[in-house]
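Okay, so here's the structure we're looking at.
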Amino acid sequence: MSSDQEMAIFGEAAPYLRKSEKERIEAQNKPFDAKTSVFVAEPKESFVKGTVQSREGGKVTVKTEAGATLTVKEDQVFPMNPPKFDKIEDMAMMTHLHEPAVLYNLKERYAAWMIYTYSGLFCVTVNPYKWLPVYNAEVVTAYRGKKRQEAPPHIFSISDNAYQFMLTDRENQSILITGESGAGKTVNTKRVIQYFATIAVTGEKKKEEPTSGKMQGTLEDQIISANPLLEAFGNAKTVRNDNSSRFGKFIRIHFGTTGKLASADIETYLLEKSRVTFQLKAERSYHIFYQIMSNKKPELIEMLLITTNPYDYAFVSQGEITVPSIDDQEELMATDSAIEILGFTSDERVSIYKLTGAVMHYGNLKFKQKQREEQAEPDGTEVADKAAYLQGLNSADLLKALCYPRVKVGNEFVTKGQTVQQVYNAVGALAKAVYDKMFLWMVTRINQQLDTKQPRQYFIGVLDIAGFEIFDFNSLEQLCINFTNEKLQQFFNHHMFVLEQEEYKKEGIEWEFIDFGMDLAACIELIEKPMGIFSILEEECMFPKATDTSFKNKLYEQHLGKSNNFQKPKPAKGKVEAHFSLIHYAGTVDYNITGWLDKNKDPLNETVVGLYQKSSVKTLAFLFTGAAGADAEAGGGKKGGKKKGSSFQTVSALFRENLNKLMTNLRSTHPHFVRCIIPNETKTPGAMEHELVLHQLRCNGVLEGIRICRKGFPSRILYADFKQRYKVLNASAIPEGQFIDSKKASEKLLGSIDIDHTQYKFGHTKVFFKAGLLGLLEEMRDEKLAQLITRTQARCRGFLARVEYQKMVERRESIFCIQYNIRAFMNVKHWPWMKLYFKIKPLLKSAETEKEMANMKEEFEKTKESLAKAEAKRKELEEKMVALMQEKNDLQLQVQAEADSLADAEERCDQLIKTKIQLEAKIKEVTERAEDEEEINAELTAKKRKLEDECSELKKDIDDLELTLAKVEKEKHATENKVKNLTEEMAGLDETIAKLTKEKKALQEAHQQTLDDLQAEEDKVNTLTKAKTKLEQQVDDLEGSLEQEKKLRMDLERAKRKLEGDLKLAQESTMDIENDKQQLDEKLKKKEFEMSNLQSKIEDEQALAMQLQKKIKELQARIEELEEEIEAERASRAKAEKQRSDLSRELEEISERLEEAGGATSAQIEMNKKREAEFQKMRRDLEEATLQHEATAATLRKKHADSVAELGEQIDNLQRVKQKLEKEKSEMKMEIDDLASNMETVSKAKGNLEKMCRTLEDQLSELKTKEEEQQRLINDLTAQRARLQTESGEYSRQLDEKDTLVSQLSRGKQAFTQQIEELKRQLEEEIKAKSALAHAVQSSRHDCDLLREQYEEEQEAKAELQRAMSKANSEVAQWRTKYETDAIQRTEELEEAKKKLAQRLQDAEEHVEAVNAKCASLEKTKQRLQNEVEDLMIDVERSNAACAALDKKQRNFDKILAEWKQKYEETHAELEASQKESRSLSTELFKVKNAYEESLDQLETLKRENKNLQQEISDLTEQIAEGGKRIHELEKIKKQVEQEKSEIQAALEEAEASLEHEEGKILRIQLELNQVKSEVDRKIAEKDEEIDQLKRNHVRVVESMQSMLDAEIRSRNDAIRLKKKMEGDLNEMEIQLNHANRMAAEALRNYRNTQGILKDTQIHLDDALRSQEDLKEQLAMVERRANLLQAEIEELRATLEQTERSRKVAEQELLDASERVQLLHTQNTSLINTKKKLETDISQIQGEMEDIIQEARNAEEKAKKAITDAAMMAEELKKEQDTSAHLERMKKNLEQTVKDLQHRLDEAEQLALKGGKKQIQKLEARVRELEGEVESEQKRNVETVKGLRKHERRVKELTYQTEEDRKNILRLQDLVDKLQAKVKSYKRQAEEAEEQSNVNLSKFRKLQHELEEAEERADIAESQVNKLRVKSREVHTKIISEE
């Protein structure tokens, strides 16, 4: 196992490949009982872990880890491996090899995301269903050149081993990858190809061929690009896999003599043709069909004559049509790119798409049966025409060939009739044949392209084929797949055990050869041998009358009862009938033979095949070339005319031929096996289903391999290693002191151990063990080591104790000796003789001094002579030393020169390394940039789709709003007509009725014109939407640009603002039209109401205005009060903040004092901890209370601002209405007089037309002045119209120029797309070049290491010389110090003992001082806590003041409710006035009824018009009750109050719940709170009373509002009843109106003519104004676009210049942009959610649209104010949240500080003062009392916070309702402008990117050249260094010899 340092080369992939050292050590040390730890069989989980409880009578009782107890048989219990085998990398090395051990090892590794595991020769991989970082370039580099045992299991390891074996053994290799669908075979195949394309890269492009469009990339690119193309045509969605390969493939990658890629080819097997015409519900057909219909390339849709809806084509829509994990548009581009890279010509590319489209059309061919015949005939020719056109055929010939095919009978051809079903079968067979042959042809073309004609020597084959399949319904396809796996398993068994047994033979082990490959022979022979299943199937296909039944009977006759592998299936309920069963190695499979004969023959319509051969599509003709006579393959089949008269090759024969070729290829290679496992059916990462995995392990041969392995000796070890490791088991078996061979030692050792001696064998170099024995030896070794270590520890401890005891004895003897001598001296010190001795002894020495002097003189003379000799010798040595120093200096100069040269070489090498690192960074940057661009491109594509969806939804919203507006206008117009008609009927003005009818028609025309204008606006939006879609499609290919993504958010904001501006312009134009219409309406409103009604309304409105002004004043006063309260709250918050800082400072002082004291008692620690927590909690409560108060104040302030704004708007509306009514009053007076005279004239001369004309002339004279004004206006408008037409032409010309510019940009975009493709290819080349450069740098680094080693050797030689020079000096110093230290050693020991005693005394004194300091510190703490209690009392008083302020706010809220109640009463009075007016109108209607009783005979003629008037009267009644609006507003307010009431109720309930929780806390700590409990209970009771009082107040308010609402409902019901009564009266009145209308018709003819002229003039004026506005809008739009384009051009130019100056800044921006992309994605998701919410709100608001339309502008202003207030509130809220978060962090820090101080307080537990403890307890009790008060205040503050949050949500909803719809429409319009600007930006960026790429390429080539030069210089330096090294060694040798 590798160390963590060795695993570091794998980077971030290391944890996913191998366990860390820590985990391995933990596993080895884990407790484990080998006798009781087992796996046990269990029905649900297959196997579970457990512990053996007992064994008796062949039964075992096991307790599982889940706690269940199972009693099972002995053979259902499997021993568990020791913990050191947990997550083992090679399962063949496990002690106990069985199914549960394999299963749990895979499961535990999978849980740790180690998905690769070895199992002997296998590599097992489990699909992780998530991305793991184990395939990057770092991992590829780490595995390169590593042996299998040196690196963790990985597909790269398998690949590298195959590659290395190929190079070293000169043998072809193969990698067999098998597994079920969805297990990851295709992905692992891609990784193998990726590995070879990386390590064996050529880096050279193939030579260009003359055919255009070929050779778009290197060989590596083409090998990699072959995969997307094959996946498009051969992969499909299945139930278990979204990208399942429906064919097998064998990819051969050929290498040259140097190991570089030379070429490649692909062989395919068993393409699932049936999927072309049939799919299950949860599956779909091949990807290519849906890619084409994704509309990513619209030219394909046009070329193939198809639609984009898959459901239009039967062959591809039988299952699902979309796959969430696959982007068909992007996949189409990848497929198309792969076709180009692989060198297909343009004609071949078109042919591929055409044939694919023809297959789709084939599924839509319809046929019917002729009458009275079974003959089929075409049912329409349209589809046949399309299919024939795509295939280059004549449609008539095609249909004729299908319905009347020609068959050969003898030597003649006859025409045969076909039934409808036969024709459909033929069509399906043709479609499958065309698709199959086209797929095989593409594979052939790919192989031709990958064949580079370069010299190639060996290949590595990768086999990706489906694994063993056992389904409920198994057909011929499953038999072929299972037979293939049977052959592969036989091949594996043979290969695996042949290798094993060859090793046994080589090692000389006695072994009886077993051919495990023959284990499967019976099943294989049953299928493929003569008279086998395939043989009988082909024989049956020869007979024309053969059926499935005859085939089954032959099978039974031939094999049932004769072959053990062939059985009759057992009938199973609920499953499809099976006809026979085969026993495969992986299990028994039931096969159903229905349709096998047809599948095997695969017949084709010969006549249609003949047409295909003559097709004008060359590819189709080539596909069927060589198909002669009856079948497309008659001439080419190998068995034609030879096997039982067969003239065709069957599917089974072709399959066996391909399989034999495959097995031949595999037998010629050295195989490597990879088994892919699917862990679960739900694609859940990390989950493993036991039964599913075991089934696959059986099917793919893993357990079969284990079975074979167990029969042999899977564990083996070298003799020397075995002796070294297991010698401890019996050391006496190997004699000491004499040589013994390792083999003999191993034999003796094993013979002396109590084990089964049949479980191992001795080879020549290794000892071989059966499975499990090595684990037993390991356990025995562990036990022996434990015993030895225990014994060693005991002996070591004994020896150390004895040494210490000896030292103690020696010290005691020395002390006794010293004491004895000192006592003896003290005894004789005063003895007289001793004193005399002390005096005489110095005198005795003087006599001897003269002798000593004489001797010294002699010695001096001798010394003098010796000194002279020494001086002479010294001078001689000095001369020698000078010479040596000279030589030394010379050598040092040489060494210095060498060092300098070496330093230069190292410096150059470092520069090269730095250059290489920079290049790698640049290459990595470009690679990451490309990957980011691809990801961004995908994200932007998704965003584009979302924007398109939003656009369509917004368009629908616009339509709905326009319809609503039209409806409102129509209803308004109808209401006005009703009022007009009622007035005329009451006055009896028949002439006026006809006149108003004419005006009504004119207004309808105007209304229609308005609708036309709205339609024109809608068309504009549609045009812009189409332009946006087109531009987005053009920009998709360039969306990878990083700079555009950086600005995307800003562009979207600009787009939104621009669209808002455009929509506002459109709304203003609409409003202008409405104003024009309203001007006409004002003429009609002159006759709408009587004078008395107008007077009463004016008076009512004036009274209401006075009331509203009064309310405004009151609200303003209220706002001032609230502002004062807010200021007070802020002041209290500032005080609380100050107190918090004081408490923090005090806490720091506490910490310092506690550090000085060194600790306190455990009780004090606990109290201090609680006290600090309480302080923090009180601080937090105060801050939360402040936050809540301010939030409440902000909410109230916003509410009052909204109320003031609303009331102000109502006053403005009322004043406008008042002015309007006064104007109407004066005009109506004049017109009433005129109408009165007209009425008299009409009543006197009903039949006299001349009198009526004169009356009209009188009326016209009164209108003469108005007509003259209109005429003058018409003249002005005519001139203006001409001028506008001129401007319109100019604007149209400018618009055309802009369109031309857009088309030019589109063409430029296509060119840039091609340039980007080229840049991508260049990027890939740079990546490959980077790999080569990395190899070169690696070799340079190696050379540098050699130079560094040489330099170190020179340094060592130099140091050796220095050591030799200093050695003599050191020896002299050692001798000198030795005698000095011996003399003073004993004195130092005494001094040391004295110092120790002094030190102990000093320590004791310091301890006493520390205790005194602790006492003083505790006294200080006591004083400080008293001060804190006083501060907290002040805080409580402030909190009480805040509560009082809240109570004041509550009283103000009650006052507001009372004001609203008064407003409701006033509204009720207005309603009663309206009812009074209704009653007066009813009386007048009765009068009209009596006056027109004679008109009953004309009822029928006016019935339809009267019905319309009936509806209009009902609307009029609703409009008369204008108080209804205010009632509706009061209802809204009531609902709000109810909601607030419910919120307050919820808050109160929460407060009660919190109170109960706090009471529970009080009960738990009641022992500590006895002193303050009564006070807390009293305060809680007071707060409860306040809450109850607040509840009662709100209940009373709600009850009063409910009663008012009931009264309002009753009044509305009365109004409805009155309305119904009026409708009945109106029906009677309508009968009377008919007669008067007919009489007045003639009189109004001239008036109509005049009115018509006026209306035409008005229409022309409106048209001119609209044209002018449209042109102005277009001009403004074009100018804005131009300005935006110019501004972005300048901005991008500056940005790119800055990028050139600083590349590092660009890299940082890359990271920032990636983060912003994620942010934009998050914001986009948020906007989508908001949009959905708004759609729901819009549907709720539509019912109130009438009121909203009339007050739209006022509502917009109100919304702006609301947004401003909401923003302010959000800022304040965020500010307070930040403050709260900061305080929370401080709290946590302080709590941590207290915890740290707690440990220091433990030491002083016994020294704490009892008095101090009592005082602290009292203070803590007081603190808790204050805490209770603060918490009670907190409860009320929580209620306020909840109210604030709900109001914030309401503000946001109102803001979105008024703003978001308009913003969404404007955003889309501006997006179009942004995309147009981006086209130019992309163009410039592409050009600059190309230039930058060229610069980088030139730099790279320059650096590569420099690198080569550096390598040459390094070689020269190396040779020089070698020379210097030799020379230096010679000098060194010379110096040593001279010394």
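In case you wondered, yes, glycine gets a Cβ from its N, Cα and C as well.
Taken straight from Swiss-Prot:
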type	residues	note
BINDING	Gly179, Glu180, Ser181, Gly182, Ala183, Gly184, Lys185, Thr186	ATP binding site
COILED	843-1939	coiled coil
COMPBIAS	1128-1147	compositional bias 'Basic and acidic residues'
DOMAIN	33-82	domain 'Myosin N-terminal SH3-like'
DOMAIN	86-782	domain 'Myosin motor'
MOD_RES	Thr64	phosphothreonine
MOD_RES	Thr419	phosphothreonine
MOD_RES	Tyr424	phosphotyrosine
MOD_RES	Ser1243	phosphoserine
MOD_RES	Thr1286	phosphothreonine
MOD_RES	Tyr1464	phosphotyrosine
MOD_RES	Thr1467	phosphothreonine
MOD_RES	Ser1474	phosphoserine
MOD_RES	Ser1542	phosphoserine
MOD_RES	Ser1574	phosphoserine
MOD_RES	Ser1726	phosphoserine
MOD_RES	Thr1730	phosphothreonine
REGION	659-681	region 'Actin-binding'
REGION	761-775	region 'Actin-binding'
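Closest in space to Thr1286 (phosphothreonine), of the binding-site residues given as Glu180, Lys185, Thr186, is Thr186, taking the CA atom of each residue. Per-residue pLDDT, averaged along the region 'Actin-binding' (659-681), amounts to 90 for this model. Non-local contacts of Ala183 (ATP binding site) by the CB criterion (under 8 A, 6+ apart in sequence, same chain) comprise Asn127, Gly467, Cys676, Ile677, Ile678, Gln696.
Note: Lys185 (ATP binding site) has non-local neighbours Ile177, Thr178, Gly179, Ser245, Asp464, Ile465, Ala466, Gly467, Cys676, i.e. same-chain residues 6+ apart with C-beta under 8 A of its own C-beta. Reduced to three states, the DSSP call for Gly184 (ATP binding site) is coil. Each of the binding-site residues Gly179, Gly182, Gly184 was scored by the number of other CB atoms within 10 A of its CB, and the lowest score belongs to Gly182. Spacing of Gly182 (ATP binding site) relative to Tyr424 (phosphotyrosine) is 33 Å (Cα to Cα, whole number). With a cut-off of 8 Å between Cβ atoms, the residues of this chain six or more beyond the region 'Actin-binding' (659-681) that come close are 106, 110, 119, 121-127, 129, 155, 158, 161-162, 165, 169, 171-185, 188, 240, 250, 252, 267, 269, 461, 463, 467, 483-484, 487-488, 491-492, 495, 687-689, 692-693, 696-697, 700-702. For the pair formed by Gly184 (ATP binding site) and Ser1542 (phosphoserine), distance between Cα atoms is given as 57 Å, rounded to the nearest Å.
Secondary structure counts, DSSP: the domain 'Myosin N-terminal SH3-like' (33-82) has 3 helix, 31 strand, 16 coil.
The Cβ of Ser181 (ATP binding site) has Thr238, Arg240, Asn241, Ser244, Ala466, Ile678 as same-chain neighbours under 8 Å, each 6 or more residues away in sequence. Closest to Ser1542 (phosphoserine) by Cα-Cα distance, out of the recorded positions Thr64, Glu180, Thr186, Thr419, Thr1467, is Thr1467. Between the listed modified residues, namely Thr64, Thr419, Thr1286, the fewest other CB atoms within 10 angstroms of a CB are found at Thr1286. Cα spacing between Tyr424 (phosphotyrosine) and Thr186 (ATP binding site): 35 Å, rounded to the nearest whole number. Neighbours of Glu180 (ATP binding site), defined as other CB atoms within 10 A of its CB across all chains, total 24. Under 8 Å, Cβ to Cβ, and six or more positions away along its own chain, Thr186 (ATP binding site) finds Glu231, Asn235, Asn243, Ser245, Asp464. The number of other CB atoms found within 10 A of the CB of Ser1542 (phosphoserine), across every protein chain shown, is 13.
Taking DSSP states H, G and I as helix and E and B as strand, the region 'Actin-binding' (761-775) has 3 helix, 6 strand, 6 coil. Mapped onto DSSP classes, the compositional bias 'Basic and acidic residues' (1128-1147) shows 20 helix, 0 strand, 0 coil. Note: the ATP site is recorded as Gly179, Glu180, Ser181, Gly182, Ala183, Gly184, Lys185, Thr186; in the same chain, Asn127, Asn241, Ser244, Gly467, Cys676, Ile678 also have Cβ atoms within 8 Å of that site's Cβ centroid.
Of the recorded residues, Thr1467 (phosphothreonine) and Glu180 (ATP binding site) place their C-alpha atoms 78 Å from one another. In three-state terms derived from DSSP, Thr419 (phosphothreonine) belongs to neither a helical nor a strand segment and is classed as coil. All protein chains considered, the CB of Tyr424 (phosphotyrosine) has 18 other CB atoms within 10 Å. Across the structure, Thr64 (phosphothreonine) and Thr419 (phosphothreonine) place their CA atoms 66 angstrom apart.
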